[in-house]
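K.L.:
The transmembrane segment annotation in TrEMBL covers 48-73, 85-104, 124-142, 163-189, 225-244, 256-281, 288-307. Annotation source TrEMBL lists region 'Disordered' at 325-354. Positions annotated as compositional bias 'Basic and acidic residues' by TrEMBL: 325-338. Per TrEMBL, compositional bias 'Polar residues' is recorded for 339-354.
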Amino acid sequence: MPVKFISGLFSLGSGLSLGKEGPSIHMAAALAQFFVDKFKLTTKYANAVISAGAGAGLAAAFNTPLSGIIFVIEEMNRKFRFSVSAIKCVLVACIMSTVISRAIMGNPPAIRVETFSSVPQNTLWLFMVLGIIFGYFGLLFNKSLIKVANFFSEGSKKRYWTLVIIVCIIFGIGVVLSPNAVGGGYIVIANTLDYNLSIKMLLVLFVLRFAGVIFSYGTGVTGGIFAPMIALGTVFGLAYGLSVEQLFPQYNIEPGVFAVAGMSALFTATVGAPLTGIVLVMEMTWNFHLLLPLMITCFSASMLTYIHHQKPIYDTLLRRTISNERKQQAKEKNERNQKPTPNTSGQTISKEEI
């Protein structure tokens, strides 16, 4: 855990398009695992404690206690064993982590954005279209992330570190030339919501950030994709909102509403957790009046990814990690079998020859 903490500080401080939330969840779960081992808890209680740790990490990172609870129930449903005591454990952990976080950091919204009123009924179809668009972005994001991660991991260590250095140099140049366009995403979100960028510039920023997030995560350094995905959703959501404002002026709807909807849509399409995406964004922005538009956007994105049989990104990454570990174990076993063994005549023969 200390290694992940220190490496996370370096990777986040370097300007890479990675977030702190993923490592926070991992470290909180690792801390919970430490106590499980320390007190030798049974499998029944160990599952609840580790799940509670993961939820508490999310709750503290985003200042969103309810999202931490829903995240455990929705995203970790295959590992989480539902029981009254387990739910209480998760509830207490998320509440306490948020209380401590607010005592230290205060209680501002995680994302400062205008509080919008509810939208007209005749504009809801626009959120369905936005959700479908983000569904396709989610498909592209997940496939690209895995391909880039595989590209980095293939070959020798020298090749890997060469690629990592190249990516870091590119982002270092980005920090010098445009510091507000790199990093985890919160500065990008703030600048985007100031309405200072045109539709064209927003689309260019979206494409660059999209590639930046994928290559940053592909390096394998410590960092998450929660905040970067929310930033991507904000950028394209606002571009979509400004386009709607020009094409349908009769609706008189704020473009920022679509930016908020976009925050939850890409998260949903990528992670496969619509309920978490909806509640997370409402808690982060304090826009509770936008529940219906967020629901329409997220479930449209979720249904499209379901139709295309897309697995949630973290499930895919887990399967990839397990597969790589098995390949590495098989490679090491094969190397041991090929190791020469001395015979009585002083010559050496391989184990295969034996």
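The backbone N, Cα and C atoms fix where each Cβ goes, and this holds for glycine too.
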K.L.:
Tally Cβ pairs under 8 Å between the transmembrane segment (85-104) and each listed stretch (48-73, 124-142, 225-244, 288-307), then give the stretch with the top tally.
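P.N.:
Stretch with maximum Cβ contacts: 48-73.
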K.L.:
Going along the chain, which residues at least six beyond the ends of the transmembrane segment (256-281) come within the CB cut-off of under 8 Å?
P.N.:
62, 64, 66-67, 70-71, 74-75, 111, 113-114, 116, 119, 126-127, 130-131, 134-135, 137-139, 141-142, 192-193, 195, 225-226, 229-230, 232-238, 240-241, 244, 287, 290-291, 293-295, 297-302, 304-305, 310-315
K.L.:
Mind checking which residues of the chain, 6+ beyond the ends of the transmembrane segment (48-73), have their Cβ under 8 Å from one of its Cβ atoms?
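P.N.:
20-21, 24-33, 35-36, 41, 79-83, 85-87, 89-98, 100-102, 105, 107-110, 226, 273, 275-276, 279-280, 283-284.
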K.L.:
For a three-state summary based on DSSP, what are the helix, strand and coil counts in the compositional bias 'Basic and acidic residues' (325-338)?
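P.N.:
DSSP composition of the compositional bias 'Basic and acidic residues' (325-338): 14 helix, 0 strand, 0 coil.
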